[in-house]
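Participant: Dumping what TrEMBL says about this protein:
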DOMAIN    20-242  domain 'G-protein coupled receptors family 1 profile'
TRANSMEM  6-29  transmembrane segment
TRANSMEM  41-68  transmembrane segment
TRANSMEM  80-98  transmembrane segment
TRANSMEM  110-132  transmembrane segment
TRANSMEM  160-181  transmembrane segment
TRANSMEM  202-223  transmembrane segment
Amino acid sequence: MDVFGLGTALLVEGLLGFLLNGLAILSYFKVKEMRTPSNFLVLSLAAADIGVSMNAFVAAFSSFLRYWPYGSEGCQTHGFQGFVTALASISSCAAIAWDRYHKYCTRTKLQWSTAITVAIVVWGFSGFWSAMPLLGWGEYDYEPLRTCCTLDYTKGDRNFISYLLPMAFFNFVIPVFIMYTSYQSVAQKFKKTGQTKFSTGLPLKSLVICWGPYSLLCLYAAVEDATLISPKLRMTSSKAVL
C-alpha cells in the first residue's frame with residue numbers, strides 16, 4: 001500500500017468512524033430514553049472514537065500531501081490527541097464491560113454519580129499516560145512514512161521501555177482482563193438462564209483485533225529493533241485501530 005492508498009483508507013475509515021459515532025452521540029442527546037448512566041459510558045466511548053477518527057483525518061490529509069505540514073509542535077499535538085483518545089477508547093470498553101457485569105450478574109443498577117466518576121477516571125487516567133511523553137517519559141515522533149505522529153517505538157531505549165511496560169499493563173492488559181472476566185461471567189449467567197441477548201465475546205474480540213497489532217508492535221520494539229520491520233507494515237499496524 002503506497003502513501004496515497006493509505007491516506008484513502010484512513011479517510012474512508014475516519015469518515016465511517018466519525019459518522020457512526022456521531023450518530024450514537026446525537027441519539028444519546030436526542031432520545032430521552034437513552035440518557036441513562038449506562039449509556040453515559042457508551043457516550044464516553046463514542047466521544048473517544050470520534051477523537052480517533054479526527055486524528056485519522058489529519059493523517060489522511062498529510063498522506064495525500066506525502067509529507068507532514070504541521071511542524072514539530074503539530075506532531076506533538078497530533079500524537080497526544082491520538083493517544084489520549086485511543087487509551088480512553090480502550091478504558092471505556094472496559095468500563096462498559098464492568099457495567100454489563102453488574103447489570104446482568106449482580107442486578108446492581110448503575111447510578112449517575114458512579115457513571116460520571118468512572119468517565120472522569122477513564123479520561124483522567126488516559127490523559128496522564130498521554131501527557132507523559134510530552135514531559136520526557138516516552139516520546140512522540142513521526143511514523144515511518146512521516147505523515148502522522150504517535151508514540152516513538154523505534155528507539156527501544158530504557159526511557160521507552162520504562163514507559164511502555166507500565167503503560168501497556170494499565171491501559172491494555174488490565175482493560176482486557178476486565179472485559180474478559182466480565183463478559184465471561186455474563187456468558188455463564190446467560191447459559192444458566194437460557195438467555196442469548198448478545199454475543200458476549202464480540203466486544204473483546206473487536207478490541208484485540210483493533211489494538212492487538214499496535215500493542216504487539218510496541219512490545220516487539222521493547223526487545224528487538226523495530227526498524228527492521230517494513231515501514232509500511234509498521235504504519236499499517238499502528239493504524240489498524242480504526
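The backbone N, Cα and C atoms fix where each Cβ goes, and this holds for glycine too.
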Participant: Cβ under 8 Å, sequence separation of at least 6 from the ends of the transmembrane segment (6-29): give me the contacting residues as numbers and ranges.
Facilitator: 35, 39, 42-43, 46-47, 49-50, 52-54, 56-57, 59-64, 145, 147, 232, 235-236, 239, 242
Participant: Under 8 Å for C-beta pairs, could you tell me which stretch among 80-98, 160-181, 202-223 has the largest tally with the transmembrane segment (110-132)?
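Facilitator: Stretch with maximum Cβ contacts: 80-98.
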Participant: I'd like to know the mean pLDDT over the domain 'G-protein coupled receptors family 1 profile' (20-242).
Facilitator: 87
